[in-house]
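Q: According to TrEMBL, the protein has these features:
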{"type": "TRANSMEM", "residues": "21-49", "note": "transmembrane segment"}
{"type": "DOMAIN", "residues": "25-467", "note": "domain 'Major facilitator superfamily (MFS) profile'"}
{"type": "TRANSMEM", "residues": "69-91", "note": "transmembrane segment"}
{"type": "TRANSMEM", "residues": "157-178", "note": "transmembrane segment"}
{"type": "TRANSMEM", "residues": "184-203", "note": "transmembrane segment"}
{"type": "TRANSMEM", "residues": "280-299", "note": "transmembrane segment"}
{"type": "TRANSMEM", "residues": "319-337", "note": "transmembrane segment"}
{"type": "TRANSMEM", "residues": "344-364", "note": "transmembrane segment"}
{"type": "TRANSMEM", "residues": "376-400", "note": "transmembrane segment"}
{"type": "TRANSMEM", "residues": "445-467", "note": "transmembrane segment"}
């Protein structure tokens, strides 16, 4: 099995035309629009907390207390693992396409509830629904990209889908910066999940999933479309036959080794296998430091963060500009990941973000914001971390999630990895305000920067296992 996997994922270079690349890119339109929706969901709490703090709501909602803001900003991430668990239970049965359609339902409902919200309990409920939506989307969309793309294109195309996450955040922040009405912004953004559902109805199923359901003829036609209809000889003698052999071996292996009392496959048992558990454990550690150094803990409170920096800027447009930098970094990742490699991008961006955090903490802790030069320097350092994290550590985390595990365990590892990553985000966001009040605002940057340097050392030691496909 190991040799077969390596042959499929690393050694074989399928020679398809530009038409093949275009067909695979077109198939990823659905996952890309899902990422736009996730970007909007991640940014909702930032906009709403900031708008309420400035008393910009005309429908009765009052500014949130620190406790209310921390719950509203973090509940999305607490309920994301539940969505991931539901996804892992339904993915093998319904397939990637159907699950990706389902993920838009709670998002649409939450946007409608946001528009009519007049109390904090409704905001909590909306955050929970968005968490279910984000969690449910992680497994189907990530594993779909991993299964429909050629190995040589997977890293670039996965990075391309991540760009749309940043684009969703950019779109949402720009609409708010222009309208200054968060309810209107939410209403306009509801068009995204509706468009996503329409696109997904035209999206092909994963050929690998179709083979596991015994629909070999349909899988053959689908793969042909995804590869731009290569010659029948190339098509039937290489990739498709190996997919049949691989899925047959995987199904046999699962039935032989991972059956429960009812004789059904126990997908969660895959996580206990050494070839899955070891890289999975390291990837979760990687995700922790990636989230920490990309500023996830500051996300819902960015309006307040930019205000505390003290630079004389328009906060709403500064927020939009920070998301633009993230988008730019994500676009550059597509072109740099194949030239510089995932290992180099990870270590360089993680190191730069750690150093910038240390500088922010030291400069801010020993000077005052009354100095415009210092305030601008701190803001520039923070925006540098925003750009660098989107250039390397964040998108590469999702690329690794689709690459470093055996194909037969990829569905469960994508779901479980996404769930644990978001659970880490919940704790970072929920307890950030308390931590900041305890150690001082700028000292959080110092401590996070020191942690990032330790994280860089851990990633260096784990590189041979995590970056095996380079």
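Any Cβ shown, glycine's included, is placed from N, Cα and C.
Predicted, not measured: the structure shown is a model, and the values here were computed from it.
Distances, neighbours, how buried they are, the whole picture for these features please.
A: When pLDDT values are averaged over the domain 'Major facilitator superfamily (MFS) profile' (25-467), the model yields 82.
Note on the transmembrane segment (280-299): residues 42, 45-46, 73, 271, 305, 346, 350, 353-354, 357, 382, 385-386, 389-390, 393-394, 396-397, 400-401, 404-405, 413, 416-417, 420-421, 424-425, 428-429, 432, 444, 448, 451-452, 455-456, 458-459, 462, 465-466 of its chain, located 6 or more positions outside it, place their CB under 8 angstroms from a CB of the stretch.
Sequence-distant contacts of the transmembrane segment (319-337), counting only residues of its own chain at least 6 positions beyond either end whose CB sits under 8 Å from a CB of the stretch, comprise 43, 46, 50, 155-156, 159-160, 162-163, 165-167, 169-170, 173-174, 177, 302-303, 306, 345, 383, 386-392, 395-396, 399.
Below 8 angstroms of C-beta separation, residues 142, 154-155, 158-159, 162, 166, 283, 286-287, 289-291, 293-295, 305-306, 309-311, 313, 318, 321-322, 325-330, 332-333, 336-337, 342, 345-346, 348-350, 352-353, 356-357, 359-360, 363-364, 421, 466 of the same chain, each at least six residues beyond the ends of the transmembrane segment (376-400), sit close to that stretch.
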Q: Do at least three C-beta pairs under 8 angstroms join the transmembrane segment (157-178) to the transmembrane segment (69-91), pairs 6 or more apart in sequence?
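A: In this chain the transmembrane segment (157-178) does not contact the transmembrane segment (69-91) - fewer than 3 Cβ pairs sit under 8 Å.
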Q: For the transmembrane segment (344-364), what are the same-chain contacts with Cβ under 8 Å, counting residues 6+ beyond its ends?
A: 286, 289-290, 293-294, 309, 333, 336-337, 374, 377-378, 381-382, 384-385, 388-389, 391-393, 396, 441-453, 455-456, 459-460, 463, 467
